[in-house]
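I'd like to ask you about the structure that follows.
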Amino acid sequence: MTLNTELKNWVNECAKLCKPDKIVWIDGSLREKELLENEAASKGEITRLNDKKLPGCFYHRTAINDVARTENLTFICTSKKEDAGPNNNWMAPADAYKKAGEIFSGSMKGRTMYVIPFSMGPVGSPFSKIGVELTDSIYVVLNMRIMTRMGSAVLKELEKSNATFTKCLHSKAEFDIKKRLILHFPEDNAIWSVGSGYGGNVLLGKKCLALRIASHIAKTEGWMAEHMLIMGIEEPNGRIGYVAAAFPSACGKTNLAMLIPPEGLRKKGYRIWTVGDDIAWMRVDTDGQLWAINPEAGFFGVAPGTNSKSNSNAVKTVQKNTIFTNVLLKPDMTVWWEDGDGPVPKEGTDWQGRPWKPGLKDKDGNIIKGAHPNSRFTAPMSQCPTASFRIEHHHGVPIAAVIFGGRRAHLMPLVYQSFNWQHGVYVGATMASERTAAQFGKQGEVRRDPMAMLPFCGYNMADYFGHWLGMGKKMLPAPKIFHVNWFRTDDKGKFLWPGYGENLRVLEWILARCRGEVGAKETPIGYIPNPEDIDKKGLDITKAAIDKLLSINVDNWKEELKGHKEFFLEFGERLPKEIWEEYEALAKRLKI
Ligand code: OXD
Ligand code: MN
């Protein structure tokens, strides 16, 4: 129980609705963790993995129709529809409470309701926010234990000042897709999620609180909640420059956050510090600089494609105390996924629980994958070899550069710098990626995803652009804004840039620009590196490839501008005039 009356009343109210047999307050202790693991393992909710090879690790499968965030069932419930904007599904709060209330009603009968007090950000930091999640899933409790700081210390913090908190209610209910809703009530600081067991829908501290609800709070309070990794780049002289970077999904955000410097740069003394791989909360501090914390304490990373070449730090991070969801289970009770390490196993149990062996095909002749393409690992950040020593610092790290990125085969140069903050906001607002063969839909189709926040901005995105513009005026100096593209191809569709650790060469240029140490070429879209200023020592790349990577094609850009206009028109009158100003200025520079 608790001394915080608001919390006590709310827990009672939710218990009355969901009717659990029992209520358990989570304290976050090791003993409690072991008891919950044993209970969930005995019920088959999780499976203990090989304790010698993967100590403290567990395996979990979600329902077959519950393997990713369900954006079509995700709603922002504000009194006025315009406040949710064209970027969100909207439902009136009263309708939403009624509709979901019917599903929650009695949904925890025969189950336990766990009360999880959690802190997004270091406990007690003025940068942090507290939430309390009520859930009937032990899997959720165990994941929240990794992804957030949670338990008694947070409860104490809540009681100290009778502080306010985000009310997060979750029930598995029947895992029925027809009775699944992910609802956000920014005006009530509340989240209701029902009918799902997939991480992005049910670990309510993550996308729901730290992005959708927090973006709304941040706008009101004057800070920024962003879908960004945070990393530090240590130079040979010991100086560390920190950057925050936003990429749409499937662009290697987790890999970049844990980058291994190529041998030459490592020998020179370069080193990477990982602060976060998914979310950044950023504030202007008393020194006028932008400071960022990662509100999370763990990684909820995509498993397929993670291997010792793409991300050896992630591979090292998931060797213990990790929960694997929807990957392939091997007969020796270890796990595997496509494009992972080691030989392809001869047999196993696939993510749907069926016997699996390589080459199996479905009735349409398609290869059956052992792991679901969106299968995940949940692992503590502290286990990452590059985890920053600043993770628990209450004010986080000072941000020198903001980086936007996307997957563009032909349009975008390897890197360019915006002319100033306002132009940088335009660069972020026009961010986009082309669909790859791995994604559903038409290959090559451009999907706009401003600041990688399209599915996560908890309010009208026109106001969000306005908020970005306003934040720039508060900073002295504002970080420089860049755009990168690791995915430019030649005429045969082959990547021109090697990517992975070599991306550090681009980050090196970015930081040199921030410090005013290197020149650049002015072009209609922004500042592009002089080819000689990108360190290419030890890199097997032709001059022609570098020239192509750093070139812009004015005709392609003219075509791109049509897409910008079409996208911005959706926001009508609410779009800040500065965005149209930047549009016109770019058109003029391109001589349209
Ligand atoms: C994630 C996402 O899971 O962006 O991080 O979908
Ligand atoms: Mn994400």
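First residue shown is number 1, and so on along the chain.
Every residue, even glycine, has its Cβ placed from backbone N, Cα and C.
Not measured: the values here are computed from a predicted model.
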Pick from SER119, SER152, SER249: which one does TrEMBL list with ARG69, TYR198, GLY199, GLY200, ASN374, SER375, ARG376 for the same substrate site?
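Substrate site check in TrEMBL: besides ARG69, TYR198, GLY199, GLY200, ASN374, SER375, ARG376, the record includes SER249 out of SER119, SER152, SER249.
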ALA250, CYS251, GLY252, LYS253, THR254, ASN255, ARG376, TYR500, GLY501, GLU502, ASN503 bind GTP according to TrEMBL; which of ARG283, ARG354, ARG407 goes with them?
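Only hit among ARG283, ARG354, ARG407 in TrEMBL's GTP site, alongside ALA250, CYS251, GLY252, LYS253, THR254, ASN255, ARG376, TYR500, GLY501, GLU502, ASN503: ARG407.
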Per TrEMBL, which one of LYS207, LYS267, LYS309 shares the Mn(2+) site with HIS227, ASP278?
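Candidate in the recorded Mn(2+) site: LYS207.
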Looking only at the domain 'Phosphoenolpyruvate carboxykinase C-terminal P-loop' (223-589), report the model's average pLDDT.
95
In Å, how long is the longest CA to CA span across ARG69, TYR198, GLY199, GLY200, SER249, ASN374, SER375, ARG376, which the record gives as the substrate binders?
17
With the cut-off set at 10 Å between Cβ atoms, which of these binding-site residues ends up with the most neighbours? Options: ARG69, LYS207, HIS227, ARG376.
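Counting every other Cβ within 10 Å of each candidate, the maximum falls on ARG376.
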From the Cα of LYS207 (Mn(2+) binding site) across to the Cα of GLY199 (substrate binding site), what is the distance in angstrom?
9
Near ligand 1, which of the recorded positions ALA250, CYS251, ASP278 are found, taking a Cβ distance under 6 A to any of its atoms?
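The qualifying recorded positions are ASP278.
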Report, in whole Å, the straight Cα-to-Cα distance of SER375 (substrate binding site) from ALA250 (GTP binding site).
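ALA250 (GTP binding site) and SER375 (substrate binding site) have their Cα atoms 13 Å apart.
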